[in-house]
Amino acid sequence: MAPSRNGMILKPHFHKDWQRRVATWFNQPARKIRRRKARQAKARRIAPRPASGPLRPVVRCPTVRYHTKVRAGRGFSLEELRVAGIHKKVARTIGISVDPRRRNKCTESLQANVQRLKEYRSKLILFPRKPSAPKKGDSSAEELKLATQLTGPVMPIRNVYKKEKARVITEEEKNFKAFASLRMARANARLFGIRAKRAKEAAEQDVEKKK
């Protein structure tokens, strides 16, 4: 077994019949074909619904390392569906994924996903359960004729990068200490409550002294 990451370098003492227990990878090409056939079978089975599955929300990756990027999440939160005017049980039937555990921590993400839901709803061609008796909200016969199965992802998410022009670095930027500033900001956030408590106690003591 090859050494992995920054662990201790092992001294493997192979006493058992280890050559029979070596993990092989001979099924990789056949597995690739099997996955492709399964994707095609699923696309045929769920047609004319999108082959890639339901609509996913735009979420920001966690941690400082990746939070500049956005990607597809698991499902839309209940608040997003409520603002968009879609019932949580209806959402799953019209190709919208729902994740009741997700919470919206900022207005920007909520608005972006509500807009995404509204855009999807406007583009959606909804087939009636009974072709002879279409209900309110179902697409017209002309729209149904135009319906084709979408092969790629539904409303793909793209990371947009704004290119900055080259310019001269200012003296203020040269003197700015990024790491120290981040440490200070974290410390201030951590000690905010303790400092507020101490300030309150000090103010109370001053009032008592004046009395």
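Using the three backbone atoms N, Cα and C, a Cβ is placed for every residue, glycine included.
Noted in Swiss-Prot for the protein shown:
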MOD_RES   K16  N6-acetyllysine
MOD_RES   S52  phosphoserine
MOD_RES   S77  phosphoserine
CROSSLNK  K123  SUMO2 cross-link
CROSSLNK  K145  SUMO2 cross-link
CROSSLNK  K174  SUMO1 cross-link
CROSSLNK  K174  SUMO2 cross-link
CROSSLNK  K177  SUMO2 cross-link
MOD_RES   K177  N6-acetyllysine
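Mapped onto this structure are the features recorded in Swiss-Prot.
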residue : record           : Cβ contacts under 8 Å, 6 or more apart
K16     : N6-acetyllysine  : none
S52     : phosphoserine    : L150, T151, G152, P153, V154
S77     : phosphoserine    : P57, D99, P100, R102, R103, N104, N113
K123    : SUMO2 cross-link : none
K145    : SUMO2 cross-link : none
K174    : SUMO1 cross-link : none
K177    : SUMO2 cross-link : none
Legend entry - Conformational class of K16 (N6-acetyllysine) under the three-state DSSP mapping: coil
Legend entry - Assigned conformation of K177 (SUMO2 cross-link) - DSSP reduced to three states: coil
